[in-house]
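The next block holds one structure in the form of structure tokens; read it before the comments.
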């Protein structure tokens, strides 16, 4: 029996105190769902004191998004590395100048995946008689301007242009998390890009269940922060990830859906739902703070099967 009258969801993510172990994941062109797009997301995250990850491909200038939050509220910046490194460098320097506190480098996009839904949408919006021959190559395949040579050797370059903590977004292998820790990278985000890059890629929470024991075996669990995004729909999903060792959890589509239907109020309602569900479930397992969560509180299906 545990006194669970008061539950504290607050935690520290990349050195910034936040009200809950969740953040708004970077999703491009949020204006498709709301006139103010990423600015609306910034206002909602500011009001409820959770971190927003700002995408490189935002609908608004970065300055408009960062100015929508109070100075003590944290925002991170997500970046795709372009073939022209000067373009990437300027974007990163601008993010740091505007107060971003984390650099999230997307590493799972050396080439664009086969996004059939996007292709169908593009075709439905074009005239039947339109031909693609006259379209710029980069409009047909953004991979042509993406950098497919990004490697571990580039970590020092990022260090040389920013003081922001480095986060590798899109890691999906235990070995890569271990190498990131050994290279001194501050954090990784286990992610399969919302399932949009490669079919049958492993769910991030399953990768998490493999990653954390491997880090503990090598004494690296305190040298790197591990986050996940993808498939988080309930407070119980957040709880499972935290118990398995995630420092925080990113949420993308649910906030977009809430914003598209109800604007800022919808996002705020979604944040409250996630917080309420997480708090309720923490009470039910007898935990009153995030740092009390541990792997013994959950059973991983594969481990259960091994015991049968």
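A Cβ is built for glycine as well, from the same backbone N, Cα and C atoms used for every other residue.
When Cβ atoms from all protein chains are considered, those within 10 Å of residue 193 (active site, proton acceptor) total 18, not counting its own. Reduced to three states, the DSSP call for residue 193 (active site, proton acceptor) is helix. Per TrEMBL, the feature active site, proton acceptor maps to 193.
Annotated FMN binding site per TrEMBL: 26, 27, 28, 78, 106, 169, 191, 229, 230, 231, 232, 233, 252, 253, in sequence order. When secondary structure is read from DSSP and collapsed to three states, residue 230 (FMN binding site) falls in the coil class. Residue 230 (FMN binding site) has a Cβ environment of 23 other Cβ atoms inside 10 Å.
As annotated by TrEMBL, glyoxylate binding site applies to 80, 115, 193, 196.
For 1-303, the entry in TrEMBL reads domain 'FMN hydroxy acid dehydrogenase'.
Cα-Cα distance from residue 252 (FMN binding site) to residue 80 (glyoxylate binding site): 17 Å (rounded to the nearest whole number). Counting other C-beta atoms within 10 Å of each candidate's C-beta, the binding-site residues 106, 191 are led by 191. Among the binding-site residues 28, 232, the residue whose Cβ has the fewest other Cβ atoms within 10 Å is 28.
If you measure from the Cα atom of residue 230 (FMN binding site) to that of residue 193 (active site, proton acceptor), you get 7 Å. Every protein chain considered, the tally of other Cβ atoms within 10 Å of the Cβ of residue 80 (glyoxylate binding site) stands at 21. Its Cβ taken as reference, residue 252 (FMN binding site) is surrounded by 19 other Cβ atoms within 10 Å in the chains shown.
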